[in-house]
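Participant: As annotated by TrEMBL, domain 'Nitroreductase' applies to 9-163. Residues annotated as FMN binding site in TrEMBL: Arg10, Val11, Ser12, Arg35, His39, Trp133, Arg134, Thr135.
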Amino acid sequence: MDMLQGLHQRVSTPQLTEPAPDAEQLEKMFQAALRAPDHARLRPWRFLTISGEARHALGEVFAKAALAEKPDLAPEAITRFKGLPLRAPLLVALICQVKQHPKVPAVEQQLSVGAAAQNILNAAYALGVGAMWRTGAVNYHPETAKGLGLSENEQLLGFIYMGTPGGSAKKQEPLETKDYVTSWQG
Ligand SMILES: Cc1cc2nc3c(=O)[nH]c(=O)nc-3n(C[C@H](O)[C@H](O)[C@H](O)COP(=O)(O)O)c2cc1C
């Protein structure tokens, strides 16, 4: 696939089925991630792959965080939180390791991890792998960070859900460049 064509056409895939991307496809996606722009070469990213039974463990983490937020959560809601990671055969947790640097504030490091995530999405699209970046209700809850084993200086920026595209490809809403771009004249 031509690179620009891929960039212009990429869509997220909410419905994902087995099989998960294989090791070779994952390697290509992570190599793309590692080419993200990165001020002072801090390499502020860390990724966790979560598949198989580990998805159930992540569902337990989500449910624990949701219960910490709302102790009287209905049983159906708890079951729903537990099932969230089962929406794809493989998830990639996006983690920003915020490092102290005199010229690189935390926001720039978060942007780098965001750019790495976008590179993963673009590479997935080029490989025919379905993918969607999700955060959801408990992404930023401290119990979620704790359950994933994050350190004090680490932030969870979401998960890329990945798998084989299910259903028909989503229609893209055409956007006009002129609605978002103007020439600044001073
Ligand atoms: C940081 C971030 C978090 C997101 N979290 C969610 C989410 O929890 N649930 C959801 O439906 N979409 C979420 N999205 C949006 C989807 O990933 C996707 O971009 C959106 O559905 C538009 O589809 P498109 O990428 O095909 O244009 C998130 C996007 C970003 C950048």
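Backbone N, Cα and C atoms are what each Cβ position is placed from, and that goes for glycine too.
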Participant: Counting other Cβ atoms within 10 Å of each residue's Cβ, which of the binding-site residues Ser12, Thr135 comes out lowest?
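Facilitator: Counting other Cβ atoms within 10 Å of each of the binding-site residues Ser12, Thr135, the minimum falls on Thr135.
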Participant: Does Arg10 (FMN binding site) have same-chain partners at least 6 apart in sequence with Cβ under 8 Å from its own Cβ, and which are they?
Facilitator: Leu121, Asn122, Tyr125
Participant: According to DSSP, which of helix, strand or coil covers His39 (FMN binding site)?
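Facilitator: The three-state answer is helix.
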Participant: List every residue in the same chain as Arg35 (FMN binding site), at least 6 positions away in sequence, whose Cβ is under 8 Å from its Cβ.
Facilitator: Asn119
Participant: Please list, in sequence order, the residues in the chain of His39 (FMN binding site) that are at least six apart in sequence and whose C-beta is under 8 Å away from its C-beta.
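Facilitator: His39 (FMN binding site) has long-range Cβ partners Lys103, Val104, Glu108, Gln109, Ser112.
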Participant: Near ligand 1, which of the binding-site residues show up if the criterion is a Cβ under 6 Å from one of its atoms? Options: Arg10, His39, Thr135.
Facilitator: Thr135
Participant: Helix, strand or coil for Ser12 (FMN binding site)? Use DSSP.
Facilitator: coil
Participant: If you average the pLDDT over the domain 'Nitroreductase' (9-163), what number do you get?
Facilitator: 98
Participant: When a 10 Å sphere is centred on the Cβ of Val11 (FMN binding site), how many other Cβ atoms does it contain?
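Facilitator: The Cβ of Val11 (FMN binding site) has 15 Cβ neighbours within 10 Å.
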Participant: How many neighbouring Cβ atoms, not counting its own, are there within 10 Å of the Cβ of Trp133 (FMN binding site)?
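Facilitator: Cβ-Cβ neighbours of Trp133 (FMN binding site) within 10 Å number 17.
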Participant: Tell me the coarse DSSP state (helix, strand, coil) of Thr135 (FMN binding site).
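Facilitator: Thr135 (FMN binding site) sits in coil per DSSP, no helix or strand.
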Participant: Greatest CA-CA distance (Å) over the residues Arg10, Val11, Ser12, Arg35, His39, Trp133, Arg134, Thr135 that the record ties to FMN?
Facilitator: 28
